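See structure below.
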């Protein structure tokens, strides 16, 4: 009970102010991400309201902001294009179910297997995709379009140096929308892309046939959405943990994201997750508790009702300018020095992650490919095994150094000279570790081959766990053993 | 004489030079409390989290930044203690100094060029402008 009070009411003033700032900063992004996904801006705005309010109550990281995000929107593009909004809502429900299961099964523990190179690749690919999504909205349309993008960038980067109370992107939107309307400037607007319905979200069951075919259409999207949503949410949670010097419950967060997406699907919203940029804005503006997230969601809904009519008139170049700023802020600019300083294999994993995402437009595939590649590179690195040969009198000692497992057995066996006859051979494992049955099989093979040449073989220096697996699986203890096929 | 001196450190070479100056003052004033303040810049947390595998690695990296400064005082046997806070470095140093009745702030100048200073803002400039106690900037 006292923890609940701390999470909600220990920072009331700071939370309310920060929540309002976040709501103001959320609007342009929620609209832009809807446009990326190919749905009406209301879908992203409803989602942002629902997800923020629900995660305020049941999320695992107080003070974190979750809403409609670019990473999720990018995954939805083919689904919306080929099947329409109703299938997106159904996929959002299923995403929620999968994420809830992730939480129950404590999948968040697997996050430690995602190397930092993959995470850096993830944010960089996300930044590049958000930028590329803006290109059609401002390149080669008209001179005035370029001018509006440039003015927007000038406002969002220049203004905060003098005035910080209201987020600069919102000021850019309000001022430049007014300029475009009153100056009768001819540019594309948000209204050209969708219709904003100015009402509270209402409960509805997605209008899709409830059959296996529907499930097969939405399942791949839901799995990708669930993975990407969890990865970005847990990364954001770590950032908020670090900024506030407090801990968070990652499994509760996964369950919370799941429930939030499940409910959002019923209210006509698209799947979302935690937002790095907005969460940083929240903490920097003084937000710490759950109240800040709730205020962000509620105030956003208030703004939608008040501003609903204006949203359709927002010029697209202005929104594109703001999204260029978002992509610049998302990109990890220290990646360039990382590429120079990090080990080659890590740099390669980062680049491959980015390349896979750009080629497939799917962040989930990038993460999976990155993790897989780094696992293979790690196995390759650790599978280098050394065998040092030492002779003293008629005894030949082989000192084995390294990890003996399926990937290193071949190299291990190649190190031995089997032309010996009638000698005493010592295999010294004191600097080695035998991990699996392939490793045991290789030891068997070496020993039995030497015995076949009339040599006497002694094994020494096995550490306890290697000895255990040898005793369990090896056949060389039997003097008449033949090689079995491992 | 000063009773509570605050050395703002960020792991840079200039901060190390500032530490040597702080040492001179401290050794002339026995009984003066030396506090070394490290501000974790919230704008850089995203980058730090991305470039480290876990919390332990981040703490280790941050601690490493302060080791050379620790040595400066430890070598001379000058009592000192470390404090780590989060925030925007300039205002965070000023607020901390006000709350803890600091009577001298010592910090290194970062030596940014004109463009960097326009974009990033100079920490030492902000501290000088807003602090309510004397400030010593070490070049």
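Positions of Cβ are set from backbone N, Cα and C atoms, glycine also.
Marked as transmembrane segment by TrEMBL: A:16-36, A:43-64, A:84-105, A:117-135, A:141-159, A:171-196, A:216-237, A:258-281, A:293-311, A:318-336, A:348-380. Taken from TrEMBL, the feature domain 'STAS' applies to A:385-486.
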*Would you kindly list the residues that approach the transmembrane segment (A:293-311) from elsewhere in its chain, counting only those six or more residues past its ends and only Cβ-Cβ distances under 8 Å?*
15-16, 18-20, 22-24, 26-27, 30-31, 41-42, 45, 48-53, 55-57, 59, 62-67, 174, 177, 190, 196-198, 200, 278, 282, 287
_Interface-richest range of A:43-64, A:84-105, A:171-196, A:318-336 toward the transmembrane segment (A:141-159), CB pairs under 8 Å_ = A:171-196
_Cβ pairs under 8 Å only, please: of the recorded stretches A:43-64, A:117-135, A:216-237, A:258-281, which one is richest in them relative to the transmembrane segment (A:84-105)?_
A:258-281
_Long-range Cβ neighbours of the transmembrane segment (A:171-196) (under 8 Å; 6 or more residues past either end)_ = 27-28, 31, 34-35, 39-42, 137, 141-142, 144-145, 148, 151-152, 155-156, 159, 308-319, 321-322
*asked:* Treating G and I as helix alongside H, and B as strand alongside E, what does DSSP give for the domain 'STAS' (A:385-486) in helix, strand and coil?
replied: 32 helix, 33 strand, 37 coil
_Could you tell me the mean pLDDT the prediction assigns to the domain 'STAS' (A:385-486)?_
87
